[in-house]
Amino acid sequence: MTDNNASATRDADRVVIFDTTLRDGEQSPGASMTFEEKLEVADILDELGVDIIEAGFPIASQGDFESVFEIAKRVKNATIAGLARAAAKDIDRCAEALRHARNARIHTFISTSPVHMKYKLQMEPEKVLEMIASSVSRARNHVADVEWSAEDGTRTEHDFLCRCVETAINAGATTINIPDTVGYSTPQEYEALFRMVRERVPNADKAIFSVHCHDDLGLAVANSLAGVRGGARQIECTINGIGERAGNAALEEVVMATRTRPDALPFRTNIDAELLTRASKLVSAVTSFPVQYNKAIVGRNAFAHESGIHQDGMLKNAHTYEIMTPESVGVSKTSLVMGKHSGRHAFKEKLKELGYELGENALEDAFKRFKDLADRKKLVYDEDIVALVDDEIVTANDHIKVAALTVIAGTAGPQTAALTLDIDGEKKTHQATGNGPVDAIFNAIKALAPHEAALELFQVHAVTQGTDAQAEVSVRLSEDGKSVTGRGADPDTLVASARAYVAALNRLMVKRAKTKPEAMKAG
Ligand code: KIV
Ligand code: ZN
């Protein structure tokens with residue numbers, strides 16, 4: 001078994017991990033996160049040891065500006081990057097959002113391929129070169145750490161790409177990113193591209209080169225690693241590989257590939273791999289993007305051995321079918337944790353072990369819910385506690401809460417829901433019917449808290465196995481082009497559904513309030 005083997009690598013082989021879950025990841029349709037969720041993700045990325053967190057695109061919206069601003073203020077270790085087009089107003093806004101970062105990076109980009117320059121930018125190549133020089137030097141006037149990206153770099157004509165890179169470095173860029181924006185490249189081609197640019201550009205030694213790969217052909221991770229073999233020393237990636245279209249290179253995959261195969265990939269990152277599973281679960285929960293079961297590293301089946309032959313081999317020696325241990329990526333053997341007799345102290349210890357440190361009030365609320373769960377569910381697993389606590393953290397400050405729910409379901413119909421909501425401390429009850437029990441619940445919510453939002457997604461999955469497993473429900477609502485996601489967990493799928501819908505509604509209210517100009521408190 002070849003686990004981390006950092007000592008075998010040299011410093012020149014240190015690869016910087018630039019996480020763009022909160023920017024490119026959040027850009028993927030339906031993956032939008034609330035302000036609080038973005039902070040939660042930023043916290044775990046920092047704990048994970050990523051070198052750079054791309055926190056957002058400050059000019060894109062007020063919400064993006066505010067979250068970059070807040071993340072820059074609170075993150076302790078990682079450099080915080082903001083994205084900016086090659087325009088003065090973008091760059092200045094980005095610098096403003098990064099004002100309080102301990103280490104700030106402005107990431108500015110412009111398209112360089114013939115098709116992008118002609119149709120998207122409608123600009124001549126010479127104008128693009130001018131804009132590279134002016135945008136990078138404007139960014140350098142704000143911060144010392146400037147990244148420049150050649151959007152659609154892999155479809156850019158080589159001579160022109162070299163001129164662009166040279167111009168960006170002359171203007172002060174310290175990192176040069178050559179993205180495979182449309183996921184078109186192949187590993188051999190991408191490796192050769194970095195070798196070519198580094199050889200031909202006279203000032204190439206003054207910058208770190210970076211890979212940024214999209215997964216349209218399923219090659220994002222392979223291409224990223226090939227780019228590193230070609231001399232790049234920064235990988236741009238996202239947790240669970242979320243991102244535009246088919247997504248970006250998955251952080252957990254590039255990290256574990258280098259850790260597991262230092263003989264073939266002698267590169268070192270600073271990532272604490274034992275936090276990968278937790279980070280994956282958090283990102284999946286806040287985006288409501290389920291992780292595919294067979295996903296490398298963090299999929300539910302990534303360490304499951306089902307066939308008799310494999311199980312037999314595993315029992316004889318784990319090396320027969322396991323190239324890395326589940327523990328090395330933070331998967332604890334599904335463990336029976338506690339039951340209804342477990343006390344507050346044991347619960348607190350368990351939370352610590354799972355990576356949570358809650359304040360006294362949140363701990364008390366979570367403990368009550370745990371006791372309630374332990375009364376109703378025979379076996380309480382780590383996963384149950386994680387679902388319960390995540391639910392608790394995300395909904396702690398909500399204005400609307402589910403207070404009580406009774407549902408009549410079955411073949412006779414009409415399915416009926418009697419629901420009590422606590423709205424800013426006042427209890428309100430309504431009874432509604434619907435086309436099935438979930439529809440009846442959602443109708444009752446609409447009657448108690450009227451709104452025009454459309455239901456975009458309703459998704460249920462079981463947290464653990466067995467018929468008494470907790471259901472985790474995700475609901476996505478959209479209003480005026482804005483989407484929000486809420487989730488709820490409970491052994492009763494209908495209660496979880498009500499909680500998820502109400503959670504989404506709370507997020508929507510926050511979003512509405514934030515789009516009013518007076519909500520801007522960045523200055
Ligand atoms: O895919 C891409 O080209 C990008 C750039 C903005 C870096 O995301
Ligand atoms: Zn991208």
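Yeah, the Cβs are placed from backbone N, Cα and C, and that goes for glycine too.
Record check: TrEMBL places Asp24, His212, His214 at the Mn(2+) site, and the matching candidate among Asn170, Asn240, Asn248 is Asn248. Here the region 'Regulatory domain' (401-523) is broken down by DSSP into helix, strand and coil counts: 37 helix, 53 strand, 33 coil. Apart from Asp24, His212, His214, Asn248, the residues listed for Mn(2+), the same chain places the Cβ atoms of Thr20, Pro179, Thr181, Cys213, Asp215, Ala220, Glu236, Cys237, Thr238, Gly243, Glu244, Gly247, Ala249 within 8 Å of the centroid of those Cβ atoms. Checked against ligand 1, the binding-site residues Asp24, His212, Asn248 give Asp24, His212 in sequence order as having a Cβ less than 6 Å away from one of its atoms. When secondary structure is read from DSSP and collapsed to three states, His214 (Mn(2+) binding site) falls in the strand class. In the three-state DSSP reading, Asn248 (Mn(2+) binding site) counts as strand.
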